[in-house]
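Q: Following this message is one structure expressed as structure tokens.
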Amino acid sequence: MLKLSNIWCLFQNLKKLSYSTVLTLAYQSLGVVYGDLSTSPLYVYKTAFSGKLSLHENDEEVYGVLSFIFWTLTLIPLFKYIFIVMSADDNGEGGIFALYSLLCRHARLSILPNQQASDEKLSAYGMEGSADTWQSSKLKSLFEKHPNFRNGLLVFVLLGTCMAIGDGVLTPAISVLSAVSGIRVKVTDLHHNYVVVISCVILVGLFSLQHHGTHKVAFLFAPIVTAWLLCISAIGIYNIIQWNPCIYRALSPFYMFRFLRSTGVEGWVSLGGVVLAITGAETMFADLGHFSPLSIKITFTFLVYPCLVLAYMGEAAFLSRHHEDIQRSFYKAIPEPVFWPVFIIATMAAVVGSQAVISATFSMVGQCCALNCFPRVKIVHTSKKIYGQIYIPEINWILMCLCLAVTIGLRDTNMMGHAYGLAVTTVMFVTTCLMCMVMIIVWKQSIIICVAFLVFFGSIELLYISASFVKVPEGGWIPLALSLIFMGIMYVWNYGTLKKHHFDIENKVSMKRIVALGPSLGMVRVPGIGLVYTNLITGVPAVFGHFVTNLPAFHQVLVFVCVKSVQVPYVGERERFLVGRVGPKEYGMFRCIVRYGYKDLQQENYDFENKLVDMIIKFVELEGEECMTSPMAKASREGETVDGDSFDLPRPMFTYPNDGLNIVQSLSSTQIVTEENGLAENFPCREESAQIMKARETGLAYILGHSYAKAHKSSSFLKRFAINVVYAFLCKNSRGPDVFLNVPHTSLLEVGMVYFV
């Protein structure tokens, strides 16, 4: 079943993308996705044979390590990721949060509080499929009945995400330092401090390039990775022929068992270094949104995988004849005439290797922001052609500072390798668990297949995790510390955001009270349009009541705007707006829900205000047509009740044309002609449209609530610290809603409110 679905996906991808596009993306993916994976030969053997295993430097151990490397590289990146996990993309997006997003949609695990039934009609929602099996029904009901399981799953996902961010800190440090350390093979009297300084300079240069975007960086880096892969594969072939043509025998899994039997505990601990051979495999899936599944599969299967196998075999062939060079094996295995060219390419490839996890970190943080799990940061889309290529300045400079701190603080690639292995294997295990749930809930696979997948791949990853945990005191504590810090930030932000939303729901203004005030709402209605931004999809927000209490005047046209994220990667422009009326028609109040996916660019590339007004006018026109053609339609649209508030639900989903502004202007001209002919009374919708256009010409005002969270005095110390200190600090230093929503400061009104949690 899985194989047939993979073949079908390949054919579907070929139909969607031209061959030239696929090959171009495959070429670019070399410079972004595979830099980390392809530079692993720099430090794998060195880290694996560190510690007590260095006492067992003979052919038996070399063959055993090579066998472990080959089968790990084959089973995890090739079989697990390329053949299985890549097929579980979320509309082209990959990573841990993409899998979690799929589960949230299919199992009602939403972590976003403002979801509604109409969101399921989005084309990217993808709920169509076969009927639930008894396994998927049981698993869904388990999460529905027990909220603690939902919270536990969220924490589990945050753990994997934070470990992946920690991976983004460690990869540049270990890759660059390992490459630059090779210079000491030829310049033996060079002090290690100079190696560290050179590495830091390279790291600063690498992070300074990120603002150019993945597209430009990929074209710059792809030739380097291509040259690197061809170099290490050619050197591997040379070493196999020169030193040990029979090294291919080590590919037999029999040597793995002999290795563990002869080395015992030392061999098991050394697996923490072997796992470094697959660092970067997770970024293949996380960087999926930057390219396409087919392009990544082609590049890995036909170029990256065979080149890496040849490189590891060649280095093992060299080691089988030079046991004394185990800690400098990679550079010692390079033939003398080509040492310096390969050293230069290796250093450049190490820089490129860092690009994969940096791009993946940007993608993950962007998803976390959209799903209310990370403070708001500036997200820059760097490519107009390839959707999903982003750059986050704040995260970029934080990563740079942490990389420099790790490089200067540890100064040892072996210790970095111990930390690196723990981060990588934890992320992979989280992916395996989520993938098993996707197979049950989304793919509706048999429980036997799902359990076999979990047991087979999970046991391999748990073996490597156990070996890496032994090295926690020797550097493995770094990803744990970083993950706990990032997890704390994410969980506190998500908790504070949800509490704020619950406060808004509990304190929203009753529609009965609004209707009782009359069309004037008990205050002066001034010309213009007032846009009240709120997180609520129903009802009148408390910020509105707080505003009119202190300043009893409001605009002639009042629009409650809810900008929300949906658990899909993107929302098409034709499905962006939901427009409806709040209260009776003469009150002049509307609701506009603007939906974005977690990969969408929000309100920066188009004239949002004019399109919003255009949508309202279209709604009024359509409403008028329904009233004139079908009185029953009008009756059916009045008097709906949601949470005690009587108002029209935002049912119509409008498409707005590219020349929306011209249509609004022509509509305004039509109103004037109609009124001059004395026909306005026959077309009340035209009259209302004209009033909206006149209000638009008067001007728009933006009303935002500025909320301050406070913990109750009776709350525990931990909760008071989390809300009053951590959450308050994050709110103060994250992007404000006015900047996030791109609101002009000259028309901004902020209303301060305090809520207790």
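Cβ coordinates are placed from backbone N, Cα and C, and glycine is handled just like the others.
According to TrEMBL, the domain 'K+ potassium transporter integral membrane' annotation covers 25-515. The transmembrane segment annotation in TrEMBL covers 62-83, 153-180, 192-210, 217-241, 267-286, 298-318, 338-365, 386-408, 420-440, 447-470, 476-493. Residues or ranges marked as domain 'K+ potassium transporter C-terminal' by TrEMBL: 527-755.
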Q: Can you work out which residues elsewhere in the same chain, 6+ from the ends of the transmembrane segment (192-210), have a Cβ less than 8 Å from its Cβ atoms?
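A: Result: 172-173, 176-177, 180-181, 183-184, 217, 220, 347, 351, 354-355, 358, 391, 396-397, 399-400, 403-404, 407-408, 411.
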Q: To what whole number does the mean pLDDT across the domain 'K+ potassium transporter C-terminal' (527-755) round?
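A: Its mean pLDDT is 72.
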Q: How about long-range neighbours of the transmembrane segment (153-180): same chain, 6 or more residues beyond its ends, C-beta under 8 Å?
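A: Sequence-remote neighbours of the transmembrane segment (153-180) are 36, 39, 42-43, 46, 95-97, 100, 103, 109, 111, 143, 195-196, 198-199, 202-203, 206-207, 279-280, 282, 286, 343, 346-347, 349-351, 353-354, 356-358, 360-361, 364-365, 368, 373, 399, 402-403, 406-407, 410-411, 413, 416-417, 419-420, 423-424, 426-427, 429-431, 433-434, 478-479, 482-484, 486-487, 490-491, 494.
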Q: Do any residues of this chain, six or more beyond the ends of the transmembrane segment (267-286), have a C-beta under 8 angstroms from a C-beta of it, and if so which?
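A: Hits for the transmembrane segment (267-286): 33-38, 40, 43-53, 56, 61, 64-65, 68-69, 72-73, 76-77, 81-82, 85-86, 94-96, 164, 167, 171, 259-260, 296, 300, 308, 312, 353, 356-357, 359-360, 363-364, 417-418, 420-422, 424-425, 427-428, 431, 463-464, 466-468, 470-471.
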Q: Between the transmembrane segment (476-493) and the transmembrane segment (298-318), are there at least three Cβ pairs closer than 8 Å, leaving out pairs fewer than 6 positions apart?
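A: When sequence-distant Cβ pairs are counted, the transmembrane segment (298-318) does not touch the transmembrane segment (476-493), since fewer than 3 lie under 8 Å.
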Q: Could you check whether the transmembrane segment (62-83) and the transmembrane segment (338-365) come into contact, where contact means at least 3 Cβ pairs under 8 Å with the two residues of each pair 6 or more apart in sequence?
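A: These two stretches do not touch.
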